[in-house]
Amino acid sequence: MSYILAEALNFVRRGISHLNYWGASHSLSADNYWESNFQGFPRLLSDSSKAPSTIRTVQVLEDDVDDIAIQYNKIVRGPLDYLLAIPGKDIRSKLIDSFNIWLQLPEEKLSIVKDIINLLHTASLLIDDIQDASRLRRGKPVAHDVYGVAQTINSANYAYYLQQARLKEIGDPRAFEIFTRSLLDLHLGQGMDLYWRDMVVCPTEEEYTRMVMYKTGGLFNLALDLMRIQSRKNTDFSKLVELLGVIFQIRDDYMNLQSGLYAEKKGLMEDLTEGKFSYPIIHSIRASPESSELLDILKQRTEDEAVKIRAVKIMESTGSFQYTRETLSRLSAEARGYVKKLETSLGPNPGIHKILDLLEVEYPTNEKGRV
C-alpha cells in the first residue's frame, strides 16, 4: 500500500476513534454529530437509514474503511492518472538524473524527488490546459474534456497536497519551505503569463524572461534544492538551473509555432489560439510597433489555419524566428560554459550536455516555415 493511501486510511481511522470516544460520553445521534462537526466531509455510510442511532454504537470494519479510501483515491486521481498514462518528454526526470551525477543521492532518495516533481508537473499541466482552453495534450484529448473541469481542478489540487505530504520522507525540515517557495514562484509566473494574455499587454523580453524563471524554473529549482539538502555536496546550481529553464521555455515557444510534430501533439500553433505572448511573438510585435496586425490576430484567439500561417509570415518578416534561434544558441553556449566550470571541481557530467543537445532546435525546411 502506498504511503499516501496509508496516511489517508490513518486519517479515517482516527476519525472513527474520535466518533467512538464522543459517542461514549454524549447522548448524540450520528446524524447530528456529523452535521455539527464534519460539515462538508463525505459520510462513510451513504445510506443514513443504515446508520446506527447513536455514536456509541458506530462500528465500521477496517476492511470497509480501506475499501472506501481506495475508492475515493482512485476517483479523485482519475484526471491525474489519465495524463500520467500518456508518455511525455520526461525532461525533468532526465535533468534530475543528470544533476545526480554530481550530487550522488542513493536511488531511494532520488526516486522520491522524481515522484514529487513528476506529480507536481502533471498537476500543473491539468490546470494549464484548463486555463489555456487547450484541446490536446501529448496527442490525446485534454483531461478536462474527459473528466470535466471541476473534477480536473480538484484532482490537480489533490496532487499538490499528496506531494506536500511526502516531504517528510525526505527527513529535512527545510523541504517544506523549499516546496512552498517553489510553488509560490510557479503560481506567480503563471499568473503574470495569464495577465499579459488576458489584458493583451505585450511584455518586454526582460519581463518575459523573469516570468519564465518563476514559472518554468520553479519546478527545476524545487528538484535541485530537494536534492541538495540530501546530498553531502552543497554546490549552488541556481544560475545553471535558471538558464535551463529559460532555454526550455523559449524552445517550447519556438516549437509551438515551427514544429509539425508539436502540432500533432498539442494542436497547430496553439499559442496563437490561446492568445499567448510567447518569445517569437513578443519580438515580432516590438520589432514592428507601427503595425498592429499580429497583435490583432492574437486578440482573435483564432483556430483558422490560414490566419495562423499569416501570423507566422509576419513573424518571419520581422526575423523573429531567426532571432529566437540566435537567442537559444547564445543561452545554450552560456549554459555549456557554466557546466564546464562546474566540471572542473565536480567532475565530468555527460548527462547535462545530453540535455542541452536535446534542447537544440532544428531549422525550418518547408514552405510554411515548420519542420
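All residue numbers here begin at 1 and follow the chain in the order shown.
Each Cβ is built from the backbone N, Cα and C atoms, and glycine gets one as well.
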*Which of R135, R137, R138, R166 does Swiss-Prot put in the same isopentenyl diphosphate site as K89, R92, H121?*
R138
*Reduced to three states, what secondary structure does DSSP give R137 (dimethylallyl diphosphate binding site)?*
strand
_Among K89, D132, Y160, which are recorded as recorded positions, the nearest neighbour of Q249 (dimethylallyl diphosphate binding site) by Cα_ = K89
*Select the closest residue to R92 (isopentenyl diphosphate binding site) from the following recorded positions, measuring between CA atoms: Y160, K215, T216, K276.*
T216
*Compute the mean position of the Cβ atoms of K89, R92, H121, R138, which form the recorded isopentenyl diphosphate site, and then list in sequence order the other residues of that chain whose Cβ is within 8 Å of it.*
G88, D90, I91, N118, T122, L125
*Taking the residues K89, R92, H121, R138 listed for isopentenyl diphosphate, what is the greatest CA to CA distance in Å, to the nearest whole number?*
16
*Would you identify the secondary structure of T216 (dimethylallyl diphosphate binding site) according to DSSP, in three states?*
coil
_H121 (isopentenyl diphosphate binding site) and K215 (dimethylallyl diphosphate binding site), distance between Cα atoms, whole Å_ = 11
